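The active site feature in Swiss-Prot is assigned to 241, 269, 365. Taken from Swiss-Prot, the feature domain 'Response regulatory' applies to 22-140, supported by sequence analysis. Swiss-Prot lists 221-417 with the feature domain 'CheB-type methylesterase'. Under the heading 4-aspartylphosphate, Swiss-Prot lists 73. The annotation region 'Disordered' is assigned in Swiss-Prot to 150-174, 203-223.
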């Protein structure tokens with residue numbers, strides 16, 4: 001009932017070379033387990049640390065296998081993924097866990113709970129073994145998530161030092177600390193309820209990466225910032241990807257006065273079903289109506305609109321109103337929904353009154369649309385590197401020189417409240 005392969009021993013490379021990323025694959029399907037393992041072994045910078053059938057196997061082997069990343073199935077015999085997750089995090093400091101699940105509502109809800117308990121990310125898994133074998137997008141996305149989430153962990157072999165200075169990605173610690181605000185209670189190893197507060201092991205996970213992030217941030221040149229628009233903002237646009245659900249929950253919880261003044265439109269890279277659940281979580285966090293955008297519905301202040309999975313969401317002018325326009329066209333920036341279509345469309349509706357926030361995420365989605373918003377007289381705020389899970393999207397905006405502010409996640413909401421009140425310029 002255990003492993004399909006032996007646990008691989010840690011490798012020692014010549015000093016100065018990077019160790020391969022050690023990935024543990026945990027799935028009760030031998031076919032899927034073998035397929036993902038072959039994909040990992042085909043990557044020059046990765047290796048399979050262990051290939052296991054159940055969550056119980058993973059918990060018992062995690063210290064010996066010493067993985068950097070665990071790809072963890074949700075539905076397994078003996079001990080499922082959500083039950084194994086806190087035990088894995090308690091046993092292995094700095095462990096990155098990517099939850100893998102099929103696109104069912106139940107699994108989407110479990111994935112969100114896993115994020116609140118310390119999982120780094122999730123990935124939707126194709127429904128059948130045949131679909132997995134043919135799923136180039138699934139393979140690409142999984143390898144990218146493993147690589148980008150683990151980037152800050154990589155270091156020269158045999159050197160017990162912080163991540164190298166050339167690591168451009170943000171600390172996963174924000175994922176853990178944002179869980180404190182999620183109001184989802186955790187349980188200890190004995191199953192007893194405890195306060196919603198980070199496990200001591202998770203606090204330790206927070207401390208070291210934060211210091212490395214702070215050192216890198218201090219050594220980096222300060223970004224070139226633009227002045228905020230002289231226009232009073234009339235709409236808030238938000239784009240996010242990896243790490244976005246937790247960041248969005250934190251952000252919307254603090255911008256009630258903004259939502260009351262204007263519409264809030266969000267694109268989060270996420271598949272169908274998951275966006276439905278995310279909208280429900282956002283409504284609870286904000287205490288305001290939030291739902292997936294519906295084609296041709298009128299956009300109103302006091303509401304949060306989320307791009308539905310598998311559709312681009314744009315806005316358009318229709319008489320005196322702004323309306324949602326859903327687009328089933330090709331992926332943009334390899335994503336659907338993508339941030340750029342939303343940002344670009346906002347110019348025709350709000351011109352210089354559009355204010356956009358680019359949160360944590362891989363890639364550069366939002367940068368082109370943000371550039372057009374700035375050219376039209378609007379403003380961009382980017383999440384800073386230290387508080388981002390992955391500083392791809394916000395980093396691209398910063399490097400493009402289009403941002404009026406680059407802020408830690410916890411400082412973005414207060415800044416937005418001041419800006420929309422007219423006193424934050």
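Note that Cβ sites are derived from N, Cα and C of the backbone, with glycine treated the same way.
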Listed recorded positions among 73, 269, 365 whose Cα sits within 10 Å of residue 241 (active site): 269, 365
Integer mean pLDDT for the domain 'Response regulatory' (22-140): 93
Helix-strand-coil residue split for the domain 'Response regulatory' (22-140), DSSP-based: 57 helix, 27 strand, 35 coil
Integer Cα-Cα distance in angstrom, residue 269 (active site) to residue 365 (active site): 10
